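Okay, structure first, notes after.
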Amino acid sequence: MTAANGDKPSVSLFVRPKIASGDLPFPEQTSPGGELRATDLRAKPQCPHQLRAQAMRAAVLAVAVCSRKKFRIRCKDGEQWSREEEEDLSYETSHNCTPIGPAVECNLSPGEYFSADNSLGVLPLSIAMMASHVSGITMLGMSGETYIRGLIVSLMYAAGIFTVPIIATCYLPVFFEIKVISIYEYLEKRFGLYMRLLVSAANFSETMLLTGVMLYAPSLALEATTGLSSTMSILVLAVICTSYSTLGGIKAVLITDIFQGLLMLIALIIIIFIVTQNIDGGINSIWRIGKEGNRINFFEWTIDPTVQYTVWSTLIGGGLIHLAYVAVNQVQVQRLMTVKNVKVATHALFLCGPFILLVGFLTCFTGLSIYVSYKDCDPVMSEKISTYDKILPFFTVENLSPGVVGLVVSGIFSASLSTISAMMNSLAAVALEDYVKPLHRKLGIEFSDNRATFIAKSLTVLNGIICMFLALIAKTMGSLATVAFSIHGSIGGPILGIFTLGMFSESANEIGTIIGMITALCVCLWGTFGRPKPPIPKLPVSIEGCANSTALMFAEQMNFNSTVQPDQSSYFYLYRISYLWYNPIGLTITLVVGYVASIIVRLIQGKNNIEHDPSLFTPLLAARIRRRRQNAQKTTNSQLFVLEPSRIR
């Protein structure tokens with residue numbers, strides 16, 4: 001809708017409002033569910049007065065103009081304006097539509113609510129994926145991790161680049177081939193209903209826990225910058241994020257993600273710029289001081305899995321976390337399915353990789369820059385803040401002007417909201433497709449598009465309430481980065497193993513794969529939540545430059561303690577393993593145990609492998625299966641034409 005002649009916006013008929021079929025002069029030409037589409041209008045030789053009036057009212061609803069307006073409507077025949085008539089219509093919109101930025105769309109079908117009607121482009125999707133991938137946990141948690149443990153943590157983002165070709169060639173084509181909203185529909189087609197429900201429940205739990213942690217992250221920023229309690233911040237954030245996720249569906253989520261992603265980049269660049277301006281020598285000095293403080297530590301080559309960050313743990317563990325988060329995660333696959341075909345999704349995926357690497361490295365370099373600013377007066381040791389997760393907002397308050405502080409805090413909020421909104425929409429999609437729809441089918445209850453959309457929005461609200469309570473609990477769970485990546489690894493690794501077995505192996509069956517997944521979940525969750533855990537070693541920090549004389553007396557003892565590595569030998573070995581290894585451990589156990597158990601089950605049952613649809617397998621294996629079946633069919637056909645010589649007389 002564009003403004004024209006003051007209060008007369010010009011409304012094109014090329015909108016997609018929901019109109020009851022009985023209101024149209026040509027009900028037989030409407031799309032399923034009474035949805036009037038542009039193709040329906042192009043097919044009509046003329047634009048009758050009645051149709052124009054109905055489309056005009058529907059257009060008012062679609063754009064949610066909450067006031068009395070006069071509209072001018074133009075009829076389009078094919079690609080040329082055939083005739084143009086004006087009709088004034090005063091129309092008061094009182095249909096429960098309230099605009100919230102770009103996030104409002106009314107009367108969306110389930111396909112539009114969950115997949116944006118496959119209308120997204122490459123660049124918007126890439127930026128939106130980057131925004132959801134880089135959350136408030138990244139901006140707060142990873143900047144704090146870099147501050148206290150060095151730039152080696154940034155290798156996790158570099159590892160993600162190498163997984164993009166694997167996702168694009170092996171996993172993504174399968175989901176586009178079978179065209180599903182919930183990726184766990186694939187598991188029912190490949191294994192069975194029990195596998196689908198088990199993995200769906202595991203992912204639902206993972207996503208819910210992560211959403212709670214991510215909702216807690218920006219409350220730390222508000223607490224550090226304004227003094228507002230984290231509890232109140234969580235409540236406000238939950239209401240805002242749930243509102244626009246509920247009203248707009250996935251397209252609203254993606255549109256807001258684009259703005260939020262750009263805001264994140266601006267916030268990080270501003271912080272780095274301010275630090276370089278305040279330090280003689282700029283970036284070169286930041287690098288030199290970081291090296292003197294052992295923060296430039298990319299090359300830790302030890303293979304000891306109990307060392308928190310090494311080259312191997314960050315590249316292997318970080319890469320597999322990225323693979324699980326993008327390739328077989330409902331949030332990201334649902335986003336990739338918002339484009340026309342797998343080719344467009346692949347382009348978006350390859351473009352998204354550098355975006356994620358850029359934001360990840362900027363976040364880590366921001367942590368290094370903040371370390372340079374506080375190398376002689378550590379805020380945690382001087383008790384100015386309680387955790388390194390607050391180091392970024394604390395720095396902005398102390399060193400930036402109020403306007404810039406607001407921009408940075410907005411960037412932190414944007415990083416959190418973009419990811420949370422995507423997860424809420426994903427949770428609703430999984431609950432609807434995996435639980436609500438099957439239950440309705442079993443009970444024989446009619447399930448219309450309108451009912452599906454209403455239930456989806458209700459589920460989004462319910463998920464928002466649950467995540468709000470989980471965020472209140474997350475305050476007691478420890479470091480943001482450690483908690484988030486531990487959850488990602490311990491549940492995401494086994495889930496990645498399930499999909500990998502299903503797509504890469506014909507021998508895997510439901511019972512064997514379930515045994516593998518349950519075994520992996522038990523081991524990984526035991527390592528994640530088992531207690532007591534040893535303290536994670538930190539790089540040296542100092543408060544020798546603090547103005548308080550009491551703090552100076554305290555400095556020598558605390559500085560000595562911070563450089564001494566805690567004795568870990570007295571702790572149970574599984575609890576000492578770096579959280580980055582949980583994903584590889586879960587993946588390996590699922591693959592090995594699941595494959596072996598599948599073979600044993602097949603031998604016990606005395607059955608051969610079930611012949612599945614080739615589209616359920618990764619493209620290379622699918623092509624081999626099709627060739628094998630074609631050859632078998634040719635052999636069968638040739639045998640049908642072989643006649644016994646005795647019958648030829």
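Glycine is treated like the rest: Cβ placed from N, Cα and C.
Database features, via TrEMBL:
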type     : residues : note
TRANSMEM : 120-141  : transmembrane segment
TRANSMEM : 147-172  : transmembrane segment
TRANSMEM : 193-216  : transmembrane segment
TRANSMEM : 228-247  : transmembrane segment
TRANSMEM : 254-275  : transmembrane segment
TRANSMEM : 309-328  : transmembrane segment
TRANSMEM : 348-374  : transmembrane segment
TRANSMEM : 453-474  : transmembrane segment
TRANSMEM : 480-504  : transmembrane segment
TRANSMEM : 511-529  : transmembrane segment
TRANSMEM : 579-601  : transmembrane segment
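Long-range contacts of the transmembrane segment (193-216) within the same chain: residues 135-137, 182, 184-185, 187, 230, 234, 237-238, 241, 329-331, 416, 419-420, 423-424, 426-427, 430-431, 434-435, 463, 466-475, 477, 480, 483-484, 487-488, 491-492, 494-495, 498, 510, 513-514, 517, 521, each at least 6 residues beyond the stretch ends and with a Cβ under 8 Å from a Cβ of the stretch. Between the transmembrane segment (480-504) and the transmembrane segment (348-374), fewer than three CB pairs separated by 6 or more residues in sequence fall under 8 Å, so the two stretches do not touch.
In this chain, the transmembrane segment (348-374) lies in contact with the transmembrane segment (147-172); the count of Cβ pairs under 8 Å, excluding pairs fewer than 6 apart in sequence, is at least 3. Remark: the transmembrane segment (309-328) contacts the transmembrane segment (579-601), by the rule of 3 or more CB pairs under 8 A. If you look at the transmembrane segment (511-529), the same-chain residues 6 or more away from its ends with a CB under 8 A from one of its CBs are 191, 194-195, 198-199, 202, 486-487, 489-491, 493-495, 497-498, 501-502, 574-575, 577, 579, 582, 585-587, 589-602.
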